[in-house]
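These features come from TrEMBL:
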type	residues	note
ACT_SITE	A:THR236	active site, nucleophile
BINDING	A:THR189, A:LYS215, A:THR236, A:GLU327, A:ASN457, A:SER462	substrate binding site
There are 2 protein chains.
Amino acid sequence: MSARLPSLWKRLSSTISPRPAPPKAHHHAPIPDAAFPSGYVLTGLHCGIKKTGALDLAVILSTTPKPASAAACFTRNAFKAAPVVVSEEVLQRNASTARALVVNSGCANAVTGKQGMEDAWAMVRATDALLGCSAKESETLVMSTGVIGQTLPISKVLAGIESQSSDSQTKSLGSDFTAWERAAKAFMTTDTFPKLRARTFSIDGREYKMAGMDKGAGMIHPDMGPPRTAGQLHATLLGCIMTDAAVSPRSLQSALTYAVDRSFNSISVDGDMSTNDTIVVLANGSAASDPAAEIDEERDPRTYQLFRDELTTFAADLAQLVVRDGEGATKFVTVSVNGAATYEDAHRIASRISTSALVKTALYGQDANWGRILAATGSVPLSVPIDPTRVSVSFIPTDGSPALPLLVNGEPETVDEARAKEIISVEDLEIEVQLGIGSENAKYWTCDFSYEYVRINGDYRS
Amino acid sequence: MSARLPSLWKRLSSTISPRPAPPKAHHHAPIPDAAFPSGYVLTGLHCGIKKTGALDLAVILSTTPKPASAAACFTRNAFKAAPVVVSEEVLQRNASTARALVVNSGCANAVTGKQGMEDAWAMVRATDALLGCSAKESETLVMSTGVIGQTLPISKVLAGIESQSSDSQTKSLGSDFTAWERAAKAFMTTDTFPKLRARTFSIDGREYKMAGMDKGAGMIHPDMGPPRTAGQLHATLLGCIMTDAAVSPRSLQSALTYAVDRSFNSISVDGDMSTNDTIVVLANGSAASDPAAEIDEERDPRTYQLFRDELTTFAADLAQLVVRDGEGATKFVTVSVNGAATYEDAHRIASRISTSALVKTALYGQDANWGRILAATGSVPLSVPIDPTRVSVSFIPTDGSPALPLLVNGEPETVDEARAKEIISVEDLEIEVQLGIGSENAKYWTCDFSYEYVRINGDYRS
């Protein structure tokens with residue numbers, strides 16, 4: 001068998017050579033302190049879960065007198081990790097408000113039975129204790145990511161949280177860029193860069209800020225819903241967004257659900273849904289002392305919609321960072337499905353194309369194989385069936401040069417293969433499928449499937 | 001960039017080395033002439049589609065005076081290849097009977113517009129002409145497989161078919177093993193061995209024979225239904241089964257639909273559904289001159305069921321050959337999902353596990369990563385939700401040694417990793433998921449995801 005290996009390597013390298021992932025470090029850069037929302041302190045530290053000594057615990061506190069409005073979307077997987085179950089419970093007990101978020105990486109606390117539940121609650125209580133006497137019980141949300149089926153080294157985790165108490169010498173909570181960056185780093189597992197973004201926006205002349213972080217590189221195909229929908233589970237996509245806007249809890253949840261569908265639920269690295277996927281948003285209202293300024297869908301649908309759209313594009317920015325950092329990814333591909341009868345139909349096709357192993361290996365091989373895109377498009381059951389004679393497929397270059405039609409109204413174009421190769425050899429690419437049935441559109445973001453993906457995931461646990 | 005390549009190769013090879021696919025030639029072996037059903041002549045020839053000179057055209061004729069009962073399942077893809085549309089039409093015109101089947105490989109005749117339809121009909125007419133004066137018009141079914149979006153070199157194909165006319169010097173139609181083998185070889189595209197099987201079976205003391213062939217190695221995740229259901233399309237899994245049993249057309253279709261769900265619709269290589277997938281069965285009744293011997297579901301449900309079960313296990317044998325030959329596959333894995341509330345629930349979970357990139361790369365890496373199996377299991381929407389505390393996951397060795405429980409009633413077992421590694425390093429493996437909800441079971445067959453898969457499919461068109 002070993003005698004055959006060299007020839008196999010030779011065969012591998014003689015056809016498509018492994019292309020290294022493009023540089024990714026530039027996706028993380030310093031952000032001015034003033035860009036972050038007020039009323040939050042946070043940190044990231046090494047408590048001892050990761051053997052490498054890397055940061056593995058993030059603590060995020062809202063410092064406003066009133067608890068922040070809190071909303072979350074959790075994985076719909078049936079095997080809920082303990083932190084998912086506990087966070088849902090916390091949101092329910094506190095009528096969708098919270099004051100803190102505690103996050104560990106390196107251990108998912110999933111499929112860990114009763115011990116896992118006790119550990120997640122212990123993390124909540126320890127973080128509650130940092131909030132001072134104004135806090136009620138259980139005002140902390142909790143998230144975990146890492147290996148499934150192992151219990152947390154809970155005493156190390158609790159010691160880490162306690163190191164942030166007000167009388168501690170080792171307290172590192174802060175509100176500047178460094179503090180936000182440390183927290184973002186503590187989210188990381190197989191990520192190659194911390195994922196942190198901030199934005200300032202205005203609604204009716206009032207200025208607000210929003211900042212957020214997330215993590216994820218593999219087991220990325222989230223399908224998250226609001227709390228207490230049927231059958232959620234555990235997840236490897238974690239994210240949180242903090243804003244100083246004042247938003248009613250119900251409207252915050254409704255805006256997040258809308259935003260997550262169009263961001264985190266529209267990305268795929270490998271098509272695998274995790275048992276811990278969680279996105280949390282906190283809105284502490286510290287930007288406005290005027291109570292009338294609270295954004296609420298029923299009171300003022302227009303300002304609500306403006307906020308919802310800000311949250312959606314911000315969430316999409318964060319979600320796309322995960323695809324950029326997809327395990328082994330050398331391409332960042334936007335899949336646009338336009339002209340569908342319903343948003344769900346468009347989303348379903350975009351998801352299928354984005355998870356097709358044949359499409360993704362063709363992208364890695366830089367082969368403009370539109371037949372595979374078409375086969376994936378046609379394999380999805382829809383509410384209104386496809387009319388093949390109306391379907392068009394194009395490559396949209398990301399340098400602003402003209403689109404390259406591959407198929408127009410069901411008929412293959414005579415494709416300029418050199419031009420196609422040119423477009424597909426750039427890191428960023430958009431594939432557009434026009435169905436020609438209706439007016440609904442959906443976007444999905446995906447990456448390619450490389451040798452490196454096989455290496456990383458053939459070898460994860462060791 | 002090129003400076004980084006050697007270190008990338010080094011990194012690739014330093015962790016999981018590429019394992020070559022196990023030898024596969026032994027899956028094809030001579031079959032005694034007497035094992036094949038009577039009343040069929042067939043051949044395979046090179047008509048000129050494949051540049052390599054390999055066989056690329058199969059002609060199969062039923063020689064009984066009456067046309068054979070004919071049934072088929074076609075891909076549900078929305079982009080139907082021309083041969084799929086034409087075969088559906090032929091079945092309808094002839095009340096589900098047929099006398100011939102013509103198959104080409106090397107060109108899928110898919111997304112080829114009006115020209116493609118004309119070419120498929122021309123293949124039908126040319127094969128009709130081989131049947132002699134007893135034939136009506138359009139008694140031939142047609143299948144194509146190969147590259148999408150290219151038209152057939154139709155004059156070469158027609159010349160190939162005409163070379164089998166009764167007055168031709170080059171006629172090679174026969175009924176012995178060599179003839180069956182040549183036909184099976186003409187089905188092949190990226191297949192590494194011809195896929196041919198025969199079986200003899202008895203129902204109520206009557207002896208029948210059944211033989212069949214199929215092809216496929218990539219774009220394998222069929223979902224085929226009977227003719228005229230909504231939205232079928234084109235496919236890269238092709239198969240045909242010929243029997244000398246007499247079966248009424250309606251019962252033949254109903255038996256095939258049942259069989260295909262439990263065989264060809266239960267395999268996956270890469271999760272991608274083709275636009276040409278077609279399975280055809282012909283039953284010419286040549287084993288019995290007694291008309292009362294016709295198997296019919298309404299007349300005699302018991303003999304119908306015996307026939308249906310023979311067809312199902314035979315179809316499963318053929319389907320499994322496709323997985324064995326999966327592109328880059330080094331493992332053959334049976335996924336059994338037991339104890340579900342419905343067959344559909346069990347089948348859906350088995351399909352999800354079988355297509356999970358994380359499960360398949362772990363299989364390639366020979367890593368007993370049950371967390372990924374569990375995450376895939378939990379990600380499927382079901383009619384009756386999973387109760388995590390009732391779920392068990394085991395590895396079933398294929399050497400008859402005891403099963404290795406990985407998770408029992410939702411709690412992880414302390415796994416003997418050495419034993420797990422031992423089981424998973426064998427080519428054949430069974431993964432069993434027991435849901436503990438109901439009594440319905442489903443099986444799926446899949447393979448692993450290797451470097452070689454990425455190489456083959458990053459490089460297909462060139």
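Note: Cβ is positioned from N, Cα and C throughout, glycine not excepted.
Keep in mind that TrEMBL annotations are predicted by a computer and have not been checked by a curator.
Quick caveat, the model's predicted, so the values are computed rather than measured.
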How long is the line from the C-alpha of A:THR189 (substrate binding site) to the C-alpha of the residue listed as 'active site, nucleophile', rounded to the nearest angstrom?
9
Just to verify a number: CA distance, A:LYS215 (substrate binding site) to A:THR236 (active site, nucleophile), in angstrom, no decimals.
8
Using Cβ-Cβ distances, find the residues under 8 Å from A:GLU327 (substrate binding site) that belong to the same chain and are at least 6 apart in sequence, listing them in sequence order.
A:THR190, A:ALA217, A:GLY218, A:VAL269, A:ASP270, A:GLU452, A:TYR453, A:ILE456, A:ASN457
Residues from the binding-site residues A:THR189, A:LYS215, A:GLU327, A:ASN457 that lie close to chain B, Cβ under 8 Å, in sequence order:
A:ASN457
Those residues of the chain, 6+ apart, with a Cβ under 8 Å from that of the residue listed as 'active site, nucleophile':
A:ALA108, A:THR145, A:THR189, A:GLY216, A:GLY218, A:MET219, A:ILE220, A:SER274, A:THR275, A:ASN276, A:ASP277
Please work out the number of neighbouring Cβ atoms within 10 Å of the Cβ of A:LYS215 (substrate binding site), leaving out its own Cβ.
27
Note down the number of other Cβ atoms within 10 Å of the Cβ of A:ASN457 (substrate binding site), including every protein chain shown.
28
For A:THR189 (substrate binding site), the number of other Cβ atoms found within 10 Å of its own Cβ:
21
